[in-house]
Amino acid sequence: MTIAVGRAPVERGWFDVLDDWLKRDRFVFIGWSGLLLFPCAFMALGGWLTGTTFVTSWYTHGLASSYLEGANFLTVAVSSPADAFGHSLLFLWGPEAQGNLTRWFQIGGLWPFVALHGAFGLIGFMLRQFEISRLVGIRPYNAIAFSGPIAVFVSVFLMYPLGQSSWFFAPSFGVAGIFRFILFLQGFHNWTLNPFHMMGVAGILGGALLCAIHGATVENTLFEDGEDSNTFRAFEPTQAEETYSMVTANRFWSQIFGIAFSNKRWLHFFMLFVPVTGLWMSSVGIVGLALNLRAYDFVSQELRAAEDPEFETFYTKNILLNEGMRAWMAPQDQPHENFIFPEEVLPRGNAL
């Protein structure tokens, strides 16, 4: 007698069917993360293109900010809402716009729309890297690295204005608008002297330096295994052997510096660690600015410079420049406040 042993058929529910469809092999992978990424990225980019094409910033900042008004690619922006709206999300159906699309554009409703969809789109992209890493069986360091840009975006566009009085003080989504925000951070927070900014600069420039050194060193030590003027075509993605000599690279840098990386895994972890840590540190600094925390204040130099007209340092010159930026920028940047500074309070000194 033959006994057949087998599993009872398992019923597949709608979740399993959807899971199979989302993870199907296609030119552009969708996945569960795609349910967040693609709609949010589409909305954020579409909102930005709409705003920069024909939406004015006259009612929020007193500025022209669209192609329709004569701005160009470097000066268009989706600008932040007016200061009076505080931290309202300015929903189209909310009490401010009341379902009126034109009014929603005028009061700056596109800014929170782009900011929030952009933030969730970036998070969706990081989840996409996690998901694909898991499916192909590799570690998720790409997603971990991408947490750096997400931290910067969230801290600059969301955390900073949340710590201030309104979304008005967030950067507008445009090249010149972000330049204005950088000048604002310097004038009102002395951002360049902040140690977290210094760590961010060290991380980004250090990462660029490591990238350049690594690329040049690999190019220097490629095996001459091709007949062409360059060795690019001699490489096969599936080849088992190395395409460059780590031993030669190690010997070269040992002669240059006296020390060199001898472990590829440690080398590449270091290239990951430096820029990502820089991004995270600068994000921490921005959250500090949101709370109006001060960094370095060399009060002794300021007091001596005030008493002794012959004593001045680069620090005291920068403090004067910051005072000038605040005095002349605030009336332009915040016209709704009607700032009027009498002549005697405007900074004077060798720096200006």
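All positions are counted from 1 along the displayed chain.
Note: Cβ is positioned from N, Cα and C throughout, glycine not excepted.
Relative to the membrane, ILE30 and THR316 are listed by Swiss-Prot as lying on separate sides. Among the ranges 32-53, 164-185, the one that Swiss-Prot lists as transmembrane segment is 32-53.
Cα of PHE261 (plastoquinone binding site) to Cα of ASN142 (pheophytin a binding site): a span of 22 Å. The DSSP secondary structure for HIS214 (plastoquinone binding site) is helix. If you look at the transmembrane segment (191-217) against the transmembrane segment (266-288), you find at least three C-beta pairs under 8 angstroms, all six or more positions apart, and that counts as contact. In sequence order, TRP191, SER282, GLY285 are the residues of the chain that are 6 or more apart from HIS197 (chlorophyll a PD2 binding site) and have a CB within less than 8 Å of its CB.
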